[in-house]
Amino acid sequence: MSYELDPLPYEYDALEPHISEQVLTWHHDTHHQGYVNGWNAAEETLAENREAGEFGSSAGALRNVTHNGSGHILHDLFWQNMSPEGGDEPEGALAERIAEDFGSYEAWKGEFEAAAGAAGGWALLVYDSFSNQLRNVVVDKHDQGALWGSHPILALDVWEHSYYHDYGPARGDFVSAFFEVVDWDEPAARYEQAVELFE
């Protein structure tokens, strides 16, 4: 099996002025494509090693599967949870659960923004299937700090390639801009999926 890069669910300039066409083009076509290529290359190495019975390079390939596979999956989520029609707050069951698990939307958002400021990769809202609750997590790179058994609901990429061209070192401005394009329909669907699977 090989993995492919899906097109963005909107035009490259659709999120302007919050995220520029140039950043989306670089981010999707170069960075995200690189994770897809890296995942495919690592899988090829593993398949060749299994066939040959030689496993000297398998440990490195396994790490590359984790890093690049997680990068591909998280980027897919990132693109899907934004749209030019975004910018509202969540509604319905997800909004109620955020209020239940965090106290309020404002408390969740403040904690999520803190995660985004600290992360060396991603801030994620996840459904923790062990505790049956929503949590914010700080993920470095694509795979360090993830919580086992968690189901991602909302993903924010805070690698520098996501914002530096548009915002320079002002990551907080980029995080604020992200909330102007968040489309809660996809996270709400992912939350409903998690509840069906785990509750």
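The backbone N, Cα and C atoms fix where each Cβ goes, glycine too.
DSSP assigns H161 (Mn(2+) binding site) to a helix. Within the same chain, residues at least 6 positions away in sequence whose Cβ sits under 8 Å from that of H161 (Mn(2+) binding site) are V23, W26, H27, H31. What Swiss-Prot lists as Mn(2+) binding site is H28, H75, D157, H161.
The Mn(2+) site is set by H28, H75, D157, H161; from the centre of their CB atoms, other residues of the chain with a CB within 8 Å are H27, H31, H32, F78, W79, W159, S162. The binding-site residues listed here are H28, H75; among them, H75 has the most other Cβ atoms within 10 Å of its own Cβ.
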